[in-house]
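Now, the feature entries from Swiss-Prot:
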- Ser39, Gly40, Gly41, Ala42, Asp43, Ser44: ATP binding site (BINDING)
Amino acid sequence: MRAALAAAAALPVPDAEGDHGPARPHPLAPGALVLIGLSGGADSLALAAAAAFEAPRAGFRSGAIVVDHGLQPGSAEVAAGAACQARALGLGPVLVERVRVEAAGGPEGAARAARHTAFDSAARATAAARILLAHTLDDQAETVLLGLARGSGPSSLQGMLPDTGRLLRPFLGLRRATTRAFCADSGLEPWDDPHNDDPAYTRVRVRSAVLPVLEQELGPGVAEALARTAEQLREDDQALDSLALEGAQELVSQADDGSVALEVRGLAAGPPALRQRIIRLVVSAEFGVSLSRSHTLAVAALIADWHGQGPLSLPGVRVVRQNGLLTFHPHT
């Protein structure tokens, strides 16, 4: 159960041999391969050039994965051109993968899902240790604003992670103008994706209209401030997740019938934010269910607003308070 809770919290399992802190991720082994997610645009082309220069000096190899989404005429030629640029820079291996973008989930989300599936496939095929993506500080600021508009809590304002363990984003501290200037100074010819100027896409409207207005009305530095906010929220979120994991491991017990229980007294002693995280963590780890905020608050009411309520039936799980325990049963 300990490992399942840690996995659900997206945290490393504590190191039983050390100082009880999280185990440190292993560095890249000598000769390890990293793949650049290359579109041919200025950001990814600059990253490809940087990797081609730095990788041999750091003792690892660099290749590229070019994903052809097939969403516009000439996409195969664009992908082939990006692959040629990667090879000219000295990257290898260079893979080109054509993907099918499903209609479900919106065009941006569907394209991203297809792209990441291709990344996974390329990593398996080449035994690559990491995939490097060229998202910039501008991309991060846009992501934070989009999360703010969704209003789905602090997690939606954390932006993109610099390091997920599989994906690395080394350019999150750089502005987009820097990568374009680098390409110009280096004689590299990036491809400009027409979709990046299409206002049909929400992110394009944020980029071309919302951020410029904020900079104009509030002064320069808005993008940097949004990126700093995301970083601070990630730090806070990791701390709260660690506390939630520790609390869950202290309060949880498991029965032979598949149910899981939490001690009510221990949950009630903590602040609401931590209590709700523990509830979400346990339900996610044990039942694979992601509780919405309204469902989480309904469960928390069995602790903080207890007046003899009956069982609570939620998607995938049934919750009962009895004998000082909050017990979660899987729906059968």
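The backbone N, Cα and C atoms fix where each Cβ goes, glycine too.
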Can you check which residue among the binding-site residues Ser39, Ser44 has the largest number of Cβ atoms within 10 Å of its own?
Ser44
Take the mean position of the Cβ atoms of Ser39, Gly40, Gly41, Ala42, Asp43, Ser44, the recorded ATP site. Which other residues of that chain put their Cβ within 8 Å of it?
Leu38, Leu45, Ala46, Ala82, Ala134, Thr179, Pro190, Trp191, Asp193
Please work out the number of neighbouring Cβ atoms within 10 Å of the Cβ of Ala42 (ATP binding site), leaving out its own Cβ.
24
Distant-in-sequence Cβ neighbours of Gly41 (ATP binding site), under 8 Å, six or more positions away:
Ala134, Pro190, Trp191, Asp192, Asp193, Asn196
Quick one: give me the count of other CB atoms within 10 A of the CB of Asp43 (ATP binding site).
24
Far apart in sequence but close in space: which same-chain residues, 6 or more away, have a Cβ under 8 Å from Gly40 (ATP binding site)?
Val66, Val78, Ala79, Gly81, Ala82, Gln85, Pro190, Trp191
